[in-house]
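The structure appears right after this line, and notes come after that.
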Amino acid sequence: MAESQLVHPPLFTYISMLTLLTLVPPFVILMWYTNVHADGSVLQTFNYLKENGLQGLIDIWPRPTAIAGKIIICYALFEATLQLLLPGKRVEGPISPTGHRPVYKANGMAAYTVTLITYLSLWWFGIFNPTIVYDHLGEILSTLNFGSLIFCLFLYIKGHVAPSSTDHGSSGNIIVDYYWGMELYPRIGKHFDIKVFTNCRFGMISWGLLPITYCIKQYEEYGSLSDSMLIHTIITLVYVTKFFWWEAGYWNTMDIAHDRAGFYICWGCLVFLPCMYTSPGMYLVKHPVNLGPQLAISILVAGILCVYINYDCDRQRQEFRRTNGKALVWGKAPSKIVASYTTTTGETKSSLLLTSGWWGLSRHFHYVPEILASFFWSVPALFNHIMPYFYVIYLMGLLLDRAKRDDERCKSKYGKYWKKYCEKVPYRVVPGIY
């Protein structure tokens, strides 16, 4: 990524990269420690570090262990095997700027279903107790932390010596290349797509497994399952199930089609996702809350409705693209802009920009129900601590920045057509506000 392609000023970008590379790995450990050992209190963890400094962080940082390594390796090999062997429909991704079109096997829902059934069966028949994962979670996150940093180094080297497609290149800055990645579509062999594995199979499926793990741990700890944990888990599983139902659509998003495979995406999905995204459930294990039927059902309905709207936004745009702009949008012919652009190889191509339905409300309206859904699967923890809401806060920052980056990319790609689109749909994310 050249400096001219950066959305933010270069100095700000480099400082942000260095900050994230150095501070986020220990932040994962501190989040686990706060939820599991500090009663969910950020203030308690802060005071501990204030008194003990760097040595305090070293003391609470779990050491990687053999059992943590075995759990990670077994899980990774299981998901890699399912990704390779389960049947699935052939799906083509979007054409890259260099004219490359990746091909995928859409078997995510099958892999997700097989994994959940296998995990629950191992528990039900007494072969493996998921509480082991919770009891060794700190060691697992620590092992993942170090292992994923090494994995990102492998991706950096691979991008230099054995790129998988024409979609690769170096910025000339080792920090930028390690952080953003060298390749857009790295693969091992012809069929094993690395980003599909890190983002979808390892990361997203762990997001479905860990809330179930937390439920089982709370039940064993207290002899019952709180309605707050149940509501959190149901909304989360509905969201993750929605993701795999729509997985082929995800392959058209910024994560896959524009962001390269480096620390930002791959470390994030291997380490940050399993910890941060599941943190409300991690907190609830030792802090069960009784919501009562009326409040619990209200939160559940609101959460599922937000997940559905988020899904319908993506479905609407997908159908619009699939039918080349001929699909009805909210029962009417769609409003659209035909935009042309030039690829890096000099070819002129065209795209359709949808300006009605959900996509007429704002340019990234689908982020609104996604943020609201994250609030509703966090709010069962109520408001004794801010810790359960770290994911909501993080997601808002992530998606608002992503909306800005996507707008800048589209502005560069479509030029005057994007200006026309912004005049038609003036709000970036929140209709009437932003």
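From the backbone N, Cα and C atoms, a Cβ is placed for every residue, glycine too.
These features come from TrEMBL:
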- 12-33: transmembrane segment (TRANSMEM)
- 67-88: transmembrane segment (TRANSMEM)
- 109-128: transmembrane segment (TRANSMEM)
- 140-157: transmembrane segment (TRANSMEM)
- 229-246: transmembrane segment (TRANSMEM)
- 261-279: transmembrane segment (TRANSMEM)
- 291-311: transmembrane segment (TRANSMEM)
- 375-400: transmembrane segment (TRANSMEM)
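Residues 20-21, 24-25, 28, 31-32, 35, 141, 144-145, 147-149, 151-152, 155-156, 177-186, 194-195, 198-199, 202-204, 206-207, 210-211, 214, 236, 255, 387-388, 390-391, 394 of the same chain, all 6+ positions outside the transmembrane segment (261-279), place their C-beta atoms under 8 angstroms from a C-beta of that stretch. Segment contact is absent for the transmembrane segment (229-246) and the transmembrane segment (67-88), given fewer than three CB pairs below 8 angstroms at sequence separation of 6 or more. In this chain, the transmembrane segment (12-33) lies close to the transmembrane segment (140-157): three or more C-beta pairs between them fall below 8 angstroms, excluding pairs fewer than 6 positions apart.
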